[in-house]
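See structure below.
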Amino acid sequence: MDQDSHCSAERELLEAVSRITTSSTTSPFDEEENQPKAEISCQVRKENPEKDDMQDSSATLSPNSSMTTKELQEYWRNEKRQCKQIKLLFEIPSTRIVEHHLSKYVMYKIIILQTGSFDSNKSVIERRYSDFEKLHRNLLEEFSEEMEDVTFPKKTLTGNFTEEIINERKLAFKDYLRLLYSMKYIRRSKKFIDFLTRPELQEAYGCLRGGQYTKALEILLEVIGLQERLTRGNPVSVVPTLCAIVVCHKDLENPASAFEYGEKALSRLCARTSHRYYIPLLETMITLAYELGKDFLSLQEKLEEWKTKKDPIRVFTLKELAVREYVQ
């Protein structure tokens, strides 16, 4: 490709990036049509919800002339993905009765699917009635106006384990999750996301602290896909999980896989160099790059650049940070 053609290609790419950036700021991934009545009142009352999360989502590279063609292409792909709306469906196909010592309860199997996806893009979790009840109580504290039209299946004094009651609750909880997800401020809330991911993350980090890296990695890989889809407007929020996956792969002597997930985490921190995971992740990536025979000088330059701008402070290692997550 001659110089004129190369410049022309970059100009076209810059224009495409500009169009995508404009589209992503004026057409967010949240649907605005067919919203429940409860969501409308939410829009009036909350002018600036989760400000930090929105700042995270806007903290991306700026399309400017100093970017290489490869960087522009990657930026364009990322922006295009941000414009695409992701919708999730909730199914509760089965249940199981658990008897543990003196307690007895029903576990509801929840399958979370991405619309239009026919591959393995699904997540499977289990929750009991008391988990749903706690979620409802927590949401009422923060979203009382939005929740006023949301009904919750009440407990019964008898018959909680009959097939009829269980089937009724399966349908009720399915509709309940669907309705909550349809309200954008609720589906973005930490309380809703925690309900769907926190128990699995707590188990995974418990395994990590106990040195059970294979088990921890298995759980983390299951939950990361769901976590990414739920926090699409705040990509930085999944950095701790990605870094925990890096730690597991590294301790299991899978440096190539550790480096792969490290790159994903680092890409989410490109504009967040003050994030607590940034320097520990950079140091780990330098070690992994050297071990794999990859270019580590660019990573080393970023580390040195950070050190010249910041006052020397004690920085934890990536593993030390990971084991501190979800400590009660």
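Using the three backbone atoms N, Cα and C, a Cβ is placed for every residue, glycine included.
What TrEMBL annotates here:
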type	residues	note
COMPBIAS	19-28	compositional bias 'Polar residues'
COMPBIAS	44-54	compositional bias 'Basic and acidic residues'
COMPBIAS	56-68	compositional bias 'Polar residues'
DOMAIN	86-203	domain 'PX'
REGION	17-68	region 'Disordered'
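Confidence annotation: the domain 'PX' (86-203) carries a mean pLDDT of 91 in the model. The domain 'PX' (86-203): residue composition by secondary structure is 52 helix, 32 strand, 34 coil, according to DSSP.
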